């Protein structure tokens, strides 16, 4: 039997104009940026990638349209170097994640400390829609404590690679299998959901992995877990392992990917394509070292895979609020290029891009920012701007000119931007002054400039106008 390559369904697919304020790299503030509204373009639905081909067998295995999220900010995220969540903050984060719509919320082991146990019990009493899990070692002492906290499920883990068996717990595979079965049967006897996961799965022997997973599947584990504990796996390795495992076990498959080599999102997506059912995430990807699959990044990827499923299940407009909450709690700034919520995620600057975006946003966007309650921006105050962006901005300022005049005004803005950085206010002043000169027939200066700037501006303006007259792109 030949398994055809997977088809990757794509999503379907609102503008605004910036100058970068001084705090641009600090807090993502858009003050000083001006919105440029474009016509709303229809986003035709597409259930599969038009550039792919029908791959029925792989589609049968794929869970990209029916995945579940195990949100681990309050477990993996608590292992982030900067993290300290008191009880009130944990409850606030748990409620926010529940409101967003995650399927599960995973908490630090109640065995870690007395406060961890008290926090676990407190969150279990909140009555959230999401199932509450706790993460423990594959040991009966931990299991006995975990089942008394009120959790809906227990996530059990033990290292299976030769590295961890030799240098961590010192147990062999026979011990691991027997311990796993004992813990699983005990937890299930309490009517609680249980997952068994190997640790460092991708550096474990495949025969050992399949043997232990098959054994726990037979005793009724709810999920088996694959963990790329050191972030070494590639998407291809993930797909192949999950596909093989899918043929061995009948239970659900959970996956946990660290981001040490930058593959956590791609690995999560490939795992779903191969038949995994659950993905571990954390807000902003926080966790040990480089962290794990970020919730926002996974949402971005899955919106491209099945927009309607994601929109129907998760309150996407809550994403930024959650990320701001966690970022403040762990005292980090949200990166300027963060998936979806980063300052630049939907900012367009190049003239060619701006023209197309103004006509139809899907030309340079695969995700509609409005789906996440975000805005797009066209940055027109730069040497890279194009006359279509200046025309759109002038019309927003209710200043009508001919296309030739818009182009001449654009040349003046580009000339000034070649001399020094310009702000939105500078660009607006040039547009307004140019329009006033047209109406009055005068030739007053467009901006207050030093003598040196005036000379440089005149030279640049002449150069650009000559190039424009010659039909060259400017």
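Each residue, glycine too, has its Cβ placed from N, Cα and C.
According to Swiss-Prot, the protein has these features:
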| type | residues | note |
| --- | --- | --- |
| DOMAIN | 67-320 | domain 'Pyruvate carboxyltransferase' |
| BINDING | 75, 135, 195, 229 | 2-oxoglutarate binding site |
| BINDING | 76, 256, 258 | Mg(2+) binding site |
| ACT_SITE | 353 | active site, proton acceptor |
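Sequence features annotated in Swiss-Prot and their locations in the structure.
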| residue | record | Cβ within 10 Å |
| --- | --- | --- |
| 75 | 2-oxoglutarate binding site | 24 |
| 76 | Mg(2+) binding site | 26 |
| 135 | 2-oxoglutarate binding site | 25 |
| 195 | 2-oxoglutarate binding site | 27 |
| 229 | 2-oxoglutarate binding site | 25 |
| 256 | Mg(2+) binding site | 29 |
| 258 | Mg(2+) binding site | 25 |
| 353 | active site, proton acceptor | 19 |
*Neighbours of residue 258 (Mg(2+) binding site) among the recorded positions 135, 229, 353 (Cα to Cα, within 10 Å)*: 229
*For the 2-oxoglutarate site built from 75, 135, 195, 229, further residues of that chain with CB within 8 A of the site's CB center*: 72, 76, 106, 155, 157, 197, 225, 227, 256, 280
*Given the recorded positions 75, 135, 353, which lie close to residue 256 (Mg(2+) binding site), meaning Cα to Cα within 10 A?*
none
_DSSP three-state assignment (helix, strand or coil) for residue 229 (2-oxoglutarate binding site)_ = coil
*Let me know the DSSP-derived helix, strand or coil state of residue 76 (Mg(2+) binding site), please.*
coil
*Determine the C-alpha span of the 2-oxoglutarate site listed in the record, that is the greatest distance between any two of 75, 135, 195, 229, in Å to the nearest whole number.*
16
*Cα distance, residue 76 (Mg(2+) binding site) to residue 135 (2-oxoglutarate binding site), nearest Å?*
9
*List only the single closest residue to residue 76 (Mg(2+) binding site), chosen from the recorded positions 195, 229, 353 by CA-CA distance.*
229
*How far is it from residue 195 (2-oxoglutarate binding site) to residue 353 (active site, proton acceptor), counting Cα to Cα, in Å?*
47
